[in-house]
């Protein structure tokens, strides 16, 4: 009826004037918009069978929900791509840190190896120097022993020869003692020199003969 239609128009006008976003009134709002478009004809001329606007609120809700789903999916994909990019960046940074750590560890190992090799080299040089010094000391000691032994042998030999010379020439008072015969006095050194025995002269001097001694002949 006209009264019912007027009441519905009033409610639609109120909804248009005061928009509501709830799903209960959304079909009425769209209905009001459609009615405004076709308001050029008087209401008395409307044909309910031909001029009735049919509105499928469920279809529009599904369409809007589909758009929301598409937007949410796009947002999810963007967030997923951003997360993957972040993970790739973090993985790249982690790999770079790992390589740097490996390089640092390798440099440290090489430095330690060089220090160890240098220490071994110095230790080897020190041992070689000690061994050379010990060997030189042993050679010197051996040479000293040999010289001492040779000197001792030579001294014994000299003593024997000097003793024989003194005895053979009648000198009973040692290498520095005189021998008196009648009015003459002579010494072993003078006797050896007079006989031309230079070796005995040297041995007598080594055995204690005095080169400044003079015989009775001056």
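Keep in mind that glycine also has a Cβ here, set from the backbone N, Cα and C atoms.
Unlike curated entries, TrEMBL annotations are predicted automatically.
Residues annotated as coiled coil in TrEMBL: 70-163. Here the coiled coil (70-163) has a mean pLDDT of 94 out of 100.
In the repeat 'ANK' (184-216), the DSSP tally of helix, strand and coil residues is 16 helix, 3 strand, 14 coil. What TrEMBL records for 184-216 is repeat 'ANK'.
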The repeat 'ANK' (184-216): which same-chain residues, six or more beyond its ends, come within Cβ distance under 8 Å?
158-159, 161-162, 165-166, 169, 171, 174-178
